[in-house]
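S.K.: Here it is, the structure, as structure tokens.
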Amino acid sequence: MSESESSDGQNPGFTAEPDVSSNQMTAPEPVSEAEPVSEAEPVSEAEPVSEAEPVSEAEPVSEAEPVDEGNSHLFAVRTTGGQEKIVMRLLEARIKMGKFWHEQSGRDILMNIQSVLLLSDLKGYVVVEAQDASAMFDSVQGIRHVRGQLRGELTYDEIDKYLVKKSTVLELAVENTVEIIGGPFKGMKATITRLDQEKEEATVVLTDATYQLPVTIDANYLKLVTA
């Protein structure tokens, strides 16, 4: 009986083992704790890539808009005949100062013009490049020999033919016979005795005068007389 009891006693031990094993088999369930792998979700934190959005900061390209400020218009200012250069130089002096005192209004007037053009074939006028008509009008206030301005604006196409034309002095030579087409000797003929290409001036002797009188004149006022 002791053997049977021992065998019976062993049975409970053997049967208990399966229970332990069964308990141990269920114990591995904690493997499910590997779920922390889901913690890899922080990969989504890579979203900071969206921080690349600052590329949109390239918008400052819109700052190129100031180019619009460079838009200018051309206006023809009428001058006393033969005094175009004087008017041009007075305006250039004002541009360098940036402003001038206007006695009639009793205030400083800012010079909002970009340049002054003197076109040899446009007698009695200088061309003023300004942002608008008001800026042009203000800039010529009080300038000697200014007689007014043409209505409206000039186009670049209208003055292009004047800008590309060669200087008159380059077409002349000593001993050439010329006709004076501007200034106090307008309409008279003369012979060139000297040329100053830098100043664009010519010294001529009037052939229509009763006595030979050397006169220095703007070369742009001379027209070559062909035989």
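Placed from the backbone N, Cα and C atoms, the Cβ positions cover glycine too.
All TrEMBL annotations are machine predictions without curation.
The following feature annotations were taken from TrEMBL:
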type	residues	note
COMPBIAS	1-13	compositional bias 'Polar residues'
COMPBIAS	36-68	compositional bias 'Acidic residues'
DOMAIN	71-166	domain 'NusG-like N-terminal'
REGION	1-71	region 'Disordered'
S.K.: Averaging the per-residue pLDDT over the domain 'NusG-like N-terminal' (71-166), what integer do you get?
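M.R.: That region's mean pLDDT is 82.
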S.K.: Pull the DSSP breakdown for the domain 'NusG-like N-terminal' (71-166) and write it out as helix, strand, coil residue counts.
M.R.: 29 helix, 31 strand, 36 coil
